[in-house]
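Encoded as structure tokens, the structure appears first; notes follow it.
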């Protein structure tokens, strides 16, 4: 299976926000990434609009229909924005005030489960595929399936942040088992969070893995190599086989 690459361009908008400017434009970044073979563009519209703005979502969805993967919290506000601009897919993620980045998967307890299931149904009714960002554990995969979501994105944060080879291997095993279970349940399996050029190959080699969503590492490298070269290098990494 050829693993697809989704490129998260949030930090192009972070650079724009650093000076309160109107550039660099995420739309230009999307053009470069798609031109270098990225399967789709990932953007996280946060409640505080710290980087990506509503207008970015509008422009991206109009310019690249079928290529925009929107990450957002499971709220009515975000549901309504998704229904308005109709990205190809939406990944529901946990979001907490003040966090620098998403720290883990969704809590699929009873209250959250009902809300997420409802939003999933509403988005799918308008032809938008739904993904859930979850921790790599069997129970989480099964609960995600029960919501009706078509995709799971397994959080690779613990794998990426592992301090020892032993811990990294253990986290990789969890990702492997969860990805296999997801595929057996008929779910499309993605992964992301903290992946970079040094640690991506083992995850890309997992049997059931279909897509990797990577942003910060690519944008950081692009400062030195240019965005096109950074995307190309990551494309080569996700296709590398043992």
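Cβ coordinates come from backbone N, Cα and C, glycine included.
Since the structure is predicted, the reported quantities are computational estimates derived from the model, not experimental observations.
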Listed in Swiss-Prot for the 1-deoxy-D-xylulose 5-phosphate site shared with 10, 11, 46, 51, one of 28, 63, 101, 120: 101
Alpha-carbon distance [residue 101 (1-deoxy-D-xylulose 5-phosphate binding site); residue 71 (active site, proton acceptor)] in Å: 12
The one of 8, 101 whose CB sees the fewest other CB atoms within 10 Å, among these binding-site residues: 101
Shortest C-alpha distance to residue 194 (3-amino-2-oxopropyl phosphate binding site) - which of the recorded positions 10, 11, 46, 101, 153: 101
10 Å Cα neighbourhood of residue 51 (1-deoxy-D-xylulose 5-phosphate binding site): matching recorded positions from 8, 44, 153, 193, 216: 44
Nearest recorded site to residue 11 (1-deoxy-D-xylulose 5-phosphate binding site) by CA-CA distance, among recorded positions 19, 44, 153: 44
Span of the 1-deoxy-D-xylulose 5-phosphate site, taken as the largest CA to CA distance across 10, 11, 46, 51, 101 (Å, rounded to a whole number): 13
